[in-house]
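Everything below concerns the one structure shown next.
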Amino acid sequence: MQFSKMHGLGNDFVVVDGVTQNVFFTPETIRRLANRHCGIGFDQLLIVEAPYDPELDFHYRIFNADGSEVSQCGNGARCFARFVTLKGLTNKKDISVSTQKGNMVLTVKDDNQIRVNMGEPIWEPAKIPFTANKFEKNYILRTDIQTVLCGAVSMGNPHCVVQVDDIQTANVEQLGPLLESHERFPERVNAGFMQIINKEHIKLRVYERGAGETQACGSGACAAVAVGIMQGLLNNNVQVDLSGGSLMIEWNGVGHPLYMTGEATHIYDGFITL
């Protein structure tokens, strides 16, 4: 099997062309390949497939390192766009793709930046999914070690966002797993820890569902900004600093799509026998 190793701000991926080669992965195979000592090593496996809808260009599948399939990965979407361009699978600048939960448009810019239309944030608890009687800007979540206020939103995958004073001292290692598996998120959740620098600048750490803390999480950056805007804490254009680098997030509020812009880096191509 041919593959490419790529990363978006340090969030690393193996990307596989499922258009020109036949590929099939069991959860066990994915876990073996994801092992950084005995396999290739990655946060997520991305598969490019032929479109399910003839009006679109591709179908986009995402698997976490634990073998579970998920519906969205923002950093992966940028790498997906870079991959299909580099491999000559398309020459379009605006690339339309479907995912498990909806469609996206990926725009390849001339400065190595990829702009992703992430669609509208989803706030209705049942659609996140999140257990709550109604939408609120803040929810109280109780864990074994701490009670927190969080915003909850779906960007095609579920996110909770907790505001902290300092992301360097935030208890991500202990609180992250407890939030990820919290009973009020029946499909588990990506837990974001957001430090607000000013209305146009935040710092963020994300404990990802099925992957643990990563260098960057694109959909997590989108979720954090969306929550911050809904809570009246942020403006419409926000720089998000993650440990792997920065993203620009734009959102004009309810009824509008959210946009993420950032880099996508090709590291190397390889071949492995499954």
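Using N, Cα and C of the backbone, Cβ positions are placed for all residues, glycine too.
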According to Swiss-Prot, Asn11, Gln44, Gly74, Asn75, Asn157, Asn190, Glu208, Arg209, Gly218, Ser219 bind substrate; so which of Asn22, Asn35, Asn64 is the extra one listed there?
Asn64
Just to be sure I understand: of Asn11, Cys73, Asn75, Asn190, Arg209, Tyr268, which recorded positions have a C-alpha no more than 10 angstroms from the C-alpha of Cys217 (active site, proton acceptor)?
Asn11, Cys73, Asn75, Asn190
For each of the active-site residues (Cys73, Cys217), count the other CB atoms lying within 10 A of its CB, then report the residue with the highest count.
Cys217
For Cys217 (active site, proton acceptor), what is the secondary structure by DSSP, using just helix, strand and coil?
coil
Are there any residues at least 6 positions away along the chain from Asn190 (substrate binding site) with a Cβ closer than 8 Å to its Cβ? List them or say none.
Asn157, Pro158, His159, Cys160, Glu180, Val206, Tyr207, Glu208, Arg209, Cys217, Ser219, Gly220, Ala223
